[in-house]
Amino acid sequence: MTERKGRFKVDFLLELERVIQEKWENSKIFEEDAPEDEASMEKFFVNFPYPYMNGLLHLGHTFTLMKCDLAVGYQRLKGKKCLYPFGFHCTGMPIKACADKLKREMEQFGFPPNFPEQVEEVIEDVREATIPKDKSKGKKSKLVAKSGSAKYQWQIMQSLGLNDEEIKPFADAVYWLNFFPPLAKRDLMKLGLHVDWRRSFITTDANPFYDSFVRWQFLRLRDRGHIQFGERYTIFSPKDDQPCMDHDRASGEGVGPMEYTLIKMKVLDPVPKVLEPFEKKSIFLVAATLRPETMYGQTNCWLRPDMDYIVFETNSGEIFVCTYRAALNMSFQKMTADVGKVAVLAKIKGEQILGATLHSPLSSYSPIYALPMLTIKEDKGTGIVTSVPSDSPDDYAALRDLKNKAALREKYGIKDEMVLPFEPVPIVEVPELGNLSAVYACDRFKIQSQNDKDKLLEAKELVYLKGFYDGILLVGPHQGKKVQDVKKVIQKEMIQASQAVVYMEPEKTIISRSGDECVVALCDQWYLDYGKGTWRERTTEALAKTETYHDEVRKNFAATLDWLKEHACSRTYGLGTKLPWDEKWLIESLSDSTIYMAYYTVAHLLQGNTFDGTGENTLGIKADQMTPEVWDYIFFKEAQLPTTAIPEEKLRIMKREFNFWYPVDLRVSGKDLVPNHLTYFLYNHVAIWPNEPNRWPQAIRANGHLLLNSEKMSKSTGNFLTLSEAIEKFSADGMRLALADSGDSVEDANFVEAMADAGILRLYNLIDWVKESLATIDQLRDSEYTFNDQVFDNEMNLKVTETNQNYDRMLFKEALRTGFFEYQAIRDTYREISMGNMHKKLILKYIETQAVILSPICPHIAEHVWQLLGRKESILKCQWPSVPEYDSVLISAGVYLDQAAHEFRLRMKAYLASLTSKGAKKGAIVPTEKPTHGTVWIAKSYPTWQSIILTLLQEKYNQDGVMPDNKWLSSELSSKPELKKSMKKVMPFVQVAKEKVAKHGIRALNLTMDFNEAEVITKNIEYLTATLDLEGLNVLYSDDPTADEKIKEDCVPGVPHITFRYQPGVSINFLNPQPLSGLFEVKLAVMQGDTPAKLASRLVKHHKQIKDPKRVSLWRYQDPVLGPRKIPTCDDLERDKIRLTETHTFLVNLENKTVAVEENGTQVDIGSSLTYIV
C-alpha cells in the first residue's frame, strides 16, 4: 500500500464530516418510529447480518454493509420512511475460545506471559470477525491467513495496540462483549451510516431481552415440529468435544458430511506377516467408495506403499486396516468400543501388506490382491481403494502400468499371477461410452500412464457423470436397471450381508477455530429439520417471491434447498442462549440469527439505549415480563391479548412497530452465506409466519468478496485495512465513493487505493468549484436558453433519470458513473462549449441536483454543498429531483456536436503534422502554413449506393426482428446493378452499419438525422473556431459545386467533414494606452473582411487576462502616420482617435501590405497601428 504525499484534503474532509455527523446526531436524524397511522406512508427496512464481535470491523464488512446504507440513502430520497438498525453478534465459540486461551497462557507462562521463542500452535486472530471467504482462491486456510506472524492469543491482542494490563481482562469472555461493540459503533458512526442506534444490541444471555426473544423463537419452532432430537451425523471438533458449525470453523465453511460405503475386503491365508498376530480374528482391509454398484467389477485393491496405516479392533470384534484419520472418524461414529478413542494395535506401512490375498464382496474375481498405487491421498477416504478398471480411468491406467512394467511389479514384490490374469469386467453399459467406459475414455484422451493427471481428471468427469445418470447395470440381480436407481439398494443389501458399513467423513478438510481437524461424529443432539416436506416446499415458495438481483444467487439458493437437510442447532460450549426446555444445551450462532430482524422493530423500546438491555427503557418493561405469550401478541396477527402486567397500551405500541416495519425489505450479505445463513433466514421466516407470507423477506442482495488493490486481504502480507484505518486514510466519503465504485456483481469486487485517492481529489475539487461558482453566480447569464443551454439541461435530466434507475436496481457503481463521473463530464463539456458563458439557472440546478443524487454515496459532501446553497433543512430530508422527460433528439444533437468537434480536432492534428516532411504522406501536396480558416461540409443525404444498403437493412430488420446474416446480404446486394461500381466497399460498409445498430439501435440506419446539422454547427461556430484555433469557419453542403469527390464520398448524414485553408493577412500593431493595465503591444494579422469583433476575439487569445472580448474596444488614429508617435495622455485616452464599430469592415492589400477600413462607402487607411482599450 502506497504512502500519500500530503493529507491536507483528507484532513479537510475529516473535519467537515465530524461537524456534519455531530449535527446529525444532535438532530437524531436517523431515529425512526412507526407512525400512528401505519398506512400513511411507505417504509423501507434494511438489514445487514450483525458482525461478530471478536475484533474490529474491517474493509470487508464495510463493503457489504455499505450497500444497505446506499439503499437507505436512496429510498429516503424517494419519500420512504427508512429503518437501518445494527446489532452485534456474540453467540458461539470464538470469543469464549479466545478468552480461555488467554487464561491458559497466563496459567502456563505467567503474567505477563513469557513465551518460548519457537511456537508450533497457531492461534486464531481476534482481529478478524466473520469474513466472507472466497473458497475458490488461495491455498492458505482462514486460520493461517488470520494469524499472521502472531502465534499466541496474547501476541495477537498486543498487535491491536493493547498493553499487558489492558489484555488481562480479556480472559473473561464477558469483557469482550463490553469492549468491541462500542468500538464498532464508533467506527460506523464515523462512516456516516444511516443507523438508528437506539435499536442496537448484543446477543447471548448477557442481554436478557434478546435472550427472551430467542427462547420464544425456539419454543415456537419446537411447537411446530421443526426441532427434533436424536443421533445425527455432524461435523465435530474432537478438541472442543462438540459439533462444529460453519461459524465455528477457521476453514471449511459450507462443507458437510460425505457418505461412503465402507467395503470390507477380507484378508485370506497366507496372512501378511505384520498381520499374523491378529489372524485368529477376521481381518479386513476397508475401502471407502461412493459407487457400491460397481463392486461387481473389482479386479484388485490399491495401497500406497509409503503410507502409514493402523490396525484396530471394531466394537463387533473385527480387525480393520486403514489410516488413523479414517479410524478416528469411524470411532466417533461408534464403530469402536470407546467413542472417540482408537486403540491402535499396530502401525504398518502399505508396502508391508502389498500382495495380500483378499476376498472382496460382489467381485467377479476371487481372490484378488493388494497392489501398489502411488497417487492415493491421505486426506480422503481410508487410504485403501477398491479397483474397478472397467469404470474408473485411474484404476485402468494404474492396472495397465503394472501389467506393462515388469520392473514395477518386481520393485514391490508383486507376482505376475496377481496382475496379469485380471482384465476389466463389463458391468455398466453407458451410452456413447460402451460397457468399458474407463477403457474408452483412456483411449479417447490418449492417457499413457497413471501420471497423466490432467487427462485422467477429464476422463473421470466424463465417465462418472454419464455412468451415474445414464448407466445401465449389466450384472447381478439388478441387471437392466439404471445405476442411479440401484445404488442405494445395493448398498443396503451389502450392509445387511455384513459386507459393508456406512462410513462418513467431511467432504473436505475442516479446521475448527480451536485449531484441530474435524471429523464426522454420530451425536445425540437437537437439530432443525431443514429439508422436510412441507417446510421445504413453503421455503421454495418464499424464494420464488424474493428478489435476488442476480440469477446466480437464485440458482445457489435453489441448489441449497435441494441438498440441505438437518442442521444441529445446539452445543455445550461457548456463549449464547440456553435451549428453554433443555438448558444444558446452548443455541448455536447460525440458529439464533435467523429472524432477529423482528427484534429490531421493538429493540429501541426495550434496550434502554444500552447494548445489553440493562438501561431503563421507555416503556418501563422488565425482561422477565417478556413471556412467550407477550412475544406472540407482538409478532402474530391472530394472537390474543396476553395475561401480563404490561399495560395494553404499551403492548400495542410494540405491535404497531412490528406491523409497520415488517417484513424485511432488503437483506445484504456475502454470497458465501447463501448455503447456510441466508437459506436458514428464509426457512425460519416461513416456520414462524407460515400463514403470513407478507412477513417473509422481500429481497436478498448477495455480493462477492472484496479485494484490496487487486489482492486478497491478508494481515500476514500487510494488505489489510480496518474500518477505522480506512476512514483515517481516505475520509468517510472518500472511502464510501471508492466502495461504491468497487463493483456491483457477485464476482469479487476490488477496492483500489489509487482510485480512492483520485476520488478524494474529485470531492475536494467539487466543493472548491461549488464555492467559486456560487461566489460569482450573479455574473452568469440569466437570459433565454441557447442551444447549448438546452442540451445541458436535457443531459442533466437524462443522467438524473439513469441514476434513479441504477439506484433502484442496487447498481451503485453504475449510479456513481451516471450520477457523478458522467454528471461532471456533461458539466465540463457545457462549460467548454459555452466558452464560460454559462446560464445562472442551469449552474444552480446542476449544483443542487448533483448534491442530491450523490447524497446516498457521499452524504457529508452533499450536506456541505446543501449548506453552501443556503438550505436550512438537512439534505437527508429532501426528495429525489423531479425532472421533466428529456429530449433525446436534443441530446443527440449535443452528442453530434461533441463528436464533430473531436473529429475536427483530430483532422487538424493530422493537417498540422503534414506541415512537416515527416508527417506528410508520400506524393501528397504539403501545406506550408498553419491554417487560419476552415469549411465544414454537411451531407443532406447518403450516396445512392449507401442509401440502397441502409434501406435494405432496415426492411429486413423490420421484417425479421434481427439483422440479416452476411451471406444473404452479399448475395442480395451483388445482384443490384447500382452497386457494381462500389462493390468493394459494400460489405465493409455493411459491417460498420451493423456495429452502429448494435451500439445505438435501429435508428442508426435512418437515412437522415432527427435534427438540422447545419443549424447545430452554425450555432456553435464561435466554439468550433476557438477549439480549432482558427480565425473563421463557414458551413457548406456536400452537394455544393465547389465540393470535390472525396468530400462527397466521406461526408454522410451525421458525419460532417472539414477542410482547412490558409488565408494571408497584413500584420499591424495593437497598442494599449491604459496605464498600469499589464496589457502590452501585440502584433496581429488583419485579414480581408475582418470586423472589430473578430479582431477583439483574436486579441483575447493573446491576452489570457482578458476574459470577455466584448469588453474590448478598437480605435484608429485620426492621423495614421503621426498618431502612433504622439505621447498618449492618461486623462483622455480617446483623444485624436476614432472608435471602430461593427459597421466597419477591414480591407487588406496584400501586395502593398496595407490595411484600410470601409466607412460609409469610402476606404480609410489605418496605417500600421490600432489602439485597444479594455
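Keep in mind that glycine also has a Cβ here, set from the backbone N, Cα and C atoms.
Listed features, source TrEMBL:
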- 20-102: domain 'Aminoacyl-tRNA synthetase class Ia' (DOMAIN)
- 184-751: domain 'Aminoacyl-tRNA synthetase class Ia' (DOMAIN)
- 789-889: domain 'Methionyl/Valyl/Leucyl/Isoleucyl-tRNA synthetase anticodon-binding' (DOMAIN)
- 938-1010: domain 'Leucine--tRNA ligase RagD-binding' (DOMAIN)
- 1063-1174: domain 'Leucine--tRNA ligase ubiquitin-like' (DOMAIN)
(message) Counting Cβ pairs closer than 8 Å, which of 20-102, 184-751, 938-1010 has the most of them with the domain 'Methionyl/Valyl/Leucyl/Isoleucyl-tRNA synthetase anticodon-binding' (789-889)?
(response) 20-102
(message) Looking only at the domain 'Methionyl/Valyl/Leucyl/Isoleucyl-tRNA synthetase anticodon-binding' (789-889), how are its residues distributed among DSSP helix, strand and coil?
(response) 72 helix, 1 strand, 28 coil
(request) On the DSSP side of things, how many residues of the domain 'Aminoacyl-tRNA synthetase class Ia' (20-102) fall into helix, strand and coil, could you say? (result) 36 helix, 13 strand, 34 coil
(message) On the 0 to 100 pLDDT scale, where does the domain 'Leucine--tRNA ligase ubiquitin-like' (1063-1174) sit on average?
(response) 89
(request) Count the residues of the domain 'Leucine--tRNA ligase RagD-binding' (938-1010) that DSSP assigns to helix (H, G, I), to strand (E, B) and to coil, and report the three numbers in that order. (result) 54 helix, 1 strand, 18 coil
(request) Take the domain 'Leucine--tRNA ligase ubiquitin-like' (1063-1174) and count its residues per DSSP category (helix H/G/I, strand E/B, coil), listing them in that order. (result) 17 helix, 39 strand, 56 coil
